[in-house]
Structure formats: structure tokens, C-alpha cells
Amino acid sequence: MKLLHLDSSPRGERSISRSLTQQFVSLWKQMHLDVPVIYRDLGRYPVPAIDEAWIAAAFCPPAQLTPELQSALMISDELIAELLAANLYIFGIPMYNYSVPASFKAYIDQIVRVRRTFVVSADGYEGLLKDKKVLVITTRGGSYAGEPLDFQEPYLRAVFGFIGITDVTFIHAENLAIGSEERQLAIATAHEAIQQVVKTWQSSTCI
């Protein structure tokens, strides 16, 4: 069993979402010393946006892929291989303009791919990533959970569900830009929520 850990904030050591995802990983590894962790830093090392060559390759019948088209999918293949190899996902995603950072949107575009993470049949679309768990930790300047301006959680739930991931947990650290007291309360609340998710995953995951 493997854990896939993604950060998408470009803020480096100042990032709250990074510190929160790291807390989860540290707690998880304390209980599962031998569980490998795949780490990808989308904030510092963003994946490229998909382009015309990528689209042509992704929808080309596999038997007709040329070396050039195969090359266009190399990064996508690598990212999807990481997804398939892991059973548990921890994603740190700050809210930017009521949604996700561009780095995470580019990541989603690379991994949502026909015949790899979903298939199309006479019955419609079917996601291929079964029996996975994902924890999404978001950081937000204000309070948006359940509000019309929250285009982040509904979007991510829809995308993850489309590729087959339905066991999705969100922890929202909100009001981080309101004031120091609100900020500290939000971080402390997120720490408690992370500890609870670790306990829940521990009780429901066979290692």
C-alpha cells in the first residue's frame, strides 16, 4: 500500500496547506513506518498544460500511436502511474479565485484520460480508480464552505468521482486572512480534524 502526497501551493515554507499535509503524512508514517510515500510538488514543479499534441494522442487508438504522440503523453503516463500505484491520497490545495490553483488544474487535465482513468461504454462513463481514499486539505482566506462561491469542493468531488474516487474527505482551513485569532483557530481546528482522519483511516484500512 502506498500514499500519494501532492502539494499545489507555490508559497514554499510559508504555505499553510503544505504544513497541514505534512502533519498528516508525519502522523500516518508514525503508525505505518514501512508505507512508501510518493511525493509530488506541483507548486514548485508544475506539470505542463495539455496542448494539441496531447489531445491528439489521448484520443488516438493505441495501435495507431506514433513515437511523437507517445512522447506527448509521457508526463501524463507518469502521473497516472503514480495514481494507480497508490491507495491513499493526501492533496494540499489552497483556494485561488474560489477554485483550485492553475497547477492543480493542469494536473487534473493530465490525469483525466480515456482508457487510463475512465472508460466509455454503452452505459456511459465509468471511472477506473476503485477502492481509493483521498483527503483534500484546503486553505482559504475567508469562509466559503457550502456557499455559492465555493467552486472548489464541488468541482473536486465531481472530478474525483468521474475517475472512480468516491471516498473523499475535505478539511477546510478557513478565515486565514481575517485576523490572527481566526487564523490560529482555523489551523488548530484543522490539526484536530487531521488527527481524526488519521484515526478513521487507520481503523478502516488494512495494511
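All residue numbers here begin at 1 and follow the chain in the order shown.
Even glycines carry a Cβ here, placed using N, Cα and C.
Fair warning: this is a prediction, and the values are worked out from it, not measured in the lab.
Around the Cβ of SER17 (FMN binding site), the number of neighbouring Cβ atoms within 10 Å comes to 26. Marked as FMN binding site by Swiss-Prot: SER9, SER15, ILE16, SER17, THR139, ARG140, GLY141, GLY142.
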Those binding-site residues listed as SER9, SER15, GLY141, GLY142, and which of them has the most Cβ atoms within 10 Å of its own Cβ: SER9
Measure from the Cβ of ARG140 (FMN binding site) and count the other Cβ atoms within 10 Å, all protein chains considered. 22
